[in-house]
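In what follows, a single structure is set out as structure tokens and then discussed.
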Ligand code: CP
């Protein structure tokens with residue numbers, strides 16, 4: 001593995017989950033693998049889980065880890081080529097990424113979408129430029145369109161908690177107070193589609209009309225506009241808000257009825273959310289604090305997902 005940007009970087013999904021389970025069972029088995037190697041974690045946007053879990057993953061593998069909140073502490077970045085930098089931007093991404101690549105053996109990079117220019121966001125212009133210019137293996141810590149470390153941890157969580165061979169997994173839109181990126185649901189749909197193709201799960205999506213995600217992520221997934229029908233007898237409900245893809249970045253519904261109530265859940269349904277979550281807006285506190293919630297387990301699994309990806313990169317020849 002050279003870079004980790006999407007599920008397409010994973011040759012064998014089932015084997016990758018097994019590798020994560022092995023890392024979780026024996027976290028310090030490879031504690032010298034990353035000796036004398038440096039992991040740089042570069043954030044243009046806020047983070048709790050991604051920052052700490054990936055940092056700890058590097059430490060468990062014996063790496064030196066440097067973290068930079070570039071969005072707050074770095075120079076204002078210019079990402080466009082062919083412009084005179086006579087405005088507010090101070091450093092071009094070409095120089096910044098090139099310098100970081102010289103200091104690090106592996107880099108993690110987080111950059112959220114603008115939610116203004118769909119073409120630029122969905123072309124992953126910023127992430128691709130950073131990958132090109134830093135010239136060392138790059139791990140996505142969430143890009144404009146995907147959050148693969150989250151989705152890997154989610155799949156691991158589902159595999160650990162399933163009670164049937166092929167559980168029913170539902171991605172459900174939830175209300176929110178502001179416009180959020182589509183990266184988490186895109187990525188979750190992409191990973192779940194792959195898992196469904198490999199016979200691991202049965203997947204469908206529910207959301208109000210107008211919140212259809214991009215086809216490149218949802219593929220042939222069933223979309224059920226009636227939430228109650230969709231979540232009926234689900235083994236896992238993955239709750240997440242996102243803004244509109246088609247009316248790009250817009251909030252087109254804030255229907256509070258889409259916040260799942262405890263009495264809407266079958267007793268065996270487990271509830272997932274990537275966090276951070278707005279209590280009693282996206283998800284009811286009674287669910288979050290109850291036995292059906294897997295949110296803490298998912299967050300815990302972020303460490304094993306990151307450590308598995310780092311181990312794969314450190315042991316890769318290419
Ligand atoms: N789920 C997740 O990525 O959390 P952070 O944004 O806090 O890293």
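Any Cβ shown, glycine's included, is placed from N, Cα and C.
Heads up, TrEMBL stuff is auto-annotated, nobody curated it.
From a predicted model like this one, the values you see are computed outputs, not experimental measurements.
Among the features that TrEMBL reports, carbamoyl phosphate binding site is placed at 47, 48, 49, 50, 75, 110, 147, 148, 149, 150, 274, 275, 302. The N(2)-succinyl-L-ornithine binding site feature in TrEMBL is assigned to 142, 176, 240, 278. TrEMBL lists 2-160 with the feature domain 'Aspartate/ornithine carbamoyltransferase carbamoyl-P binding'. Feature annotation from TrEMBL assigns domain 'Aspartate/ornithine carbamoyltransferase Asp/Orn-binding' to 219-311.
A map of TrEMBL features onto the structure.
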residue: 47; record: carbamoyl phosphate binding site; Cβ contacts under 8 Å, 6 or more apart: 110, 141, 142
residue: 49; record: carbamoyl phosphate binding site; Cβ contacts under 8 Å, 6 or more apart: 274, 275, 299, 302
residue: 75; record: carbamoyl phosphate binding site; Cβ contacts under 8 Å, 6 or more apart: 90, 91, 96
residue: 147; record: carbamoyl phosphate binding site; Cβ contacts under 8 Å, 6 or more apart: 140, 183, 184, 187, 274
residue: 149; record: carbamoyl phosphate binding site; Cβ contacts under 8 Å, 6 or more apart: 4, 50, 53, 54, 139, 140, 141, 142, 302, 305, 306, 309
residue: 176; record: N(2)-succinyl-L-ornithine binding site; Cβ contacts under 8 Å, 6 or more apart: 241, 251, 254, 278, 281, 282
residue: 240; record: N(2)-succinyl-L-ornithine binding site; Cβ contacts under 8 Å, 6 or more apart: 171, 172, 173, 174, 184, 185, 188, 273, 274, 282
(request) Run through the domain 'Aspartate/ornithine carbamoyltransferase Asp/Orn-binding' (219-311) and tell me, per DSSP, how many residues are helix, strand and coil. (result) 32 helix, 13 strand, 48 coil
(message) Please check the binding-site residues 75, 176, 240, 278, 302 against ligand 1 and give me the ones with CB under 6 A, sequence order.
(response) none
(message) Quiz question: given the binding-site residues 278, 302, which has the greatest number of C-beta atoms lying within 10 angstroms of its own C-beta?
(response) 302
(message) Let's check the environment of residue 142 (N(2)-succinyl-L-ornithine binding site): how many other CB atoms sit within 10 Å of its CB?
(response) 27
(request) Kindly state the mean pLDDT of the domain 'Aspartate/ornithine carbamoyltransferase Asp/Orn-binding' (219-311) in the predicted structure. (result) 97
(message) In the three-state scheme derived from DSSP, which category covers residue 147 (carbamoyl phosphate binding site)?
(response) coil
(message) So the record assigns 47, 48, 49, 50, 75, 110, 147, 148, 149, 150, 274, 275, 302 to carbamoyl phosphate. If I measure every Cα pair among those residues, what is the longest distance in angstrom, as a whole number?
(response) 30
